[in-house]
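Presented below is the structure to which this report refers.
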């Protein structure tokens, strides 16, 4: 849980001293518990102030210690993800997923479909500033098939991030989607894309809820039929992620792949204080085991001393919710 009292500048200075000692290799002067406590108990605003205080006292951005070793050092990766601005972090994830080698479609879906529309707008602006490129155009260039149209539509919808959820409009859109799926031999893809591009993620969730209320089943079930083809399969992935992000993350964590540790770290860090408890529950429902146990299996058996800190931070974030 985040600290419930107001921290003074002197307390931030102490946190900076602990981190400076750790990153400078003077680990004998501090305990693992002190390092773990900073990354578990400080919220994002506190971590931002710690970065500012560190820069003032040591003349260096704290994050400069970690960017070059993130992929080979799990603790450095956690430290970076906890301290960097969320929109900057997600812009980097999108860029790497598009241009970091092979296309990483799951990470693109993760960011586009689980972030609030207000954050998506910040991510797009940061992407433009940092990479001098337009995120929607890059997606269009790198992705083929229905996913291209669907994900670009989701990104465009963030322009309406300030709109409040309108249940009457959601009912109308649900009926529109039903007609697009049911009225002809083929589904009306253009209408579906149009709805997704004009409604922010909160409104889309209301549409999906209204659809089930009106027709007695999830929209994702309607798009499974053969008439919906590959577009239907791709649409199903996206709308399920928007509607049930905790199930999406739990599924990613169950998959066996080379990026398993990265997915575990990123999921716990980015979803702590959001829906990590729901992800833990969804994961346990499918596997009979908890995320805490998964963390211990991944990192607890290693002789690397950093991994004691990694386990402490990840388990602490999961328990803290």
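Even glycines carry a Cβ here, placed using N, Cα and C.
According to TrEMBL, the protein carries these features:
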type: BINDING; residues: 23, 25, 28, 296; note: Ca(2+) 1 binding site
type: BINDING; residues: 298; note: Ca(2+) 3 binding site
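Positions of TrEMBL features highlighted on the structure.
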| residue | record | Cβ within 10 Å |
| --- | --- | --- |
| 23 | Ca(2+) 1 binding site | 20 |
| 25 | Ca(2+) 1 binding site | 7 |
| 28 | Ca(2+) 1 binding site | 7 |
| 296 | Ca(2+) 1 binding site | 14 |
| 298 | Ca(2+) 3 binding site | 18 |
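The two recorded residues residue 298 (Ca(2+) 3 binding site) and residue 23 (Ca(2+) 1 binding site) have their Cα atoms spaced 23 Å from each other.
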